[in-house]
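*Asks:* Questions regarding the structure given below will be posed in turn.
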Amino acid sequence: MMKIWTGIIFFSNLAAVFGDESDVSFTPAKPWSQHADWPFCELGGTYSVPHKKFCDRFFICQNGQAYLGQCEDGLAFVPFNGCKLLHFVDCSVRTKLQSPKGKGKCPRLNGLHKAPKGCGNFYKCENGTVVPDKCAGGYEFDGHTKLCRLATPQEREKCSHSSTSSGFKCPANNVFPFGDHSRHPYPGSCSLFIMCLRDGSIKVGSCSAGSAYSPATHNCELKATVPGCSQIS
């Protein structure tokens, strides 16, 4: 939805530039000479100009008049394409952004985030609302690129055991020596272990190559030091 701060009469022209689904707000400029960051707009036509400093702001020039636009929180401006998710916009030059307006799982009102349980699960923040989603089978959501990619063998192993771990019962009076979780042996595995999180959820953790989970220390140790795991590849 477009929100017009003032009585702008060229809504149809702006819609043609940004499309019907862009979330932007506009306000008209004072005489352009009073604004060092505002562009000089040529007479004739309607076109967009990126803000020099803010990645989520831009200008619409129409008939010599400049109008300042701002994308919704979590979106940034792409010339000729309007407002897109901030994750996919290069803001290395225009580094400033509006202050975050989100809270909880959505630090900004719009965005993509990896779900704590992993295994291809992620969620979208749509105007502050959490919308769960999941990558196709065999894919993992990358929290850095915000894209689904092929899962690594280690990730596939962890996720293949998720149904087993879901039947695990965390201790009733559980303590959390690792801050947000406790650790427990994974039945039949030296490299995996079960984590009971404070929120009641369960995750499967894994040790790096050459190490195994030690029930004695609740950490990953060298395989040679963990009874029953030294000969397991």
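Each residue's number is its place along the chain shown, starting with 1.
Placed from the backbone N, Cα and C atoms, the Cβ positions cover glycine too.
Sharing the record's features from TrEMBL:
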DOMAIN    38-93  domain 'Chitin-binding type-2'
DOMAIN    103-161  domain 'Chitin-binding type-2'
DOMAIN    167-231  domain 'Chitin-binding type-2'
SIGNAL    1-19  signal peptide
*Asks:* Based on DSSP, tally up the residues of the domain 'Chitin-binding type-2' (103-161) by helix, strand and coil.
*Replies:* 8 helix, 26 strand, 25 coil
*Asks:* Please spell out the DSSP helix, strand and coil residue counts for the domain 'Chitin-binding type-2' (38-93).
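*Replies:* Taking the domain 'Chitin-binding type-2' (38-93) as a whole: 3 helix, 27 strand, 26 coil.
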*Asks:* Can you tell me how the residues of the domain 'Chitin-binding type-2' (167-231) break down into helix, strand and coil by DSSP?
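*Replies:* With helix first, then strand, then coil, the domain 'Chitin-binding type-2' (167-231) has 3 helix, 24 strand, 38 coil.
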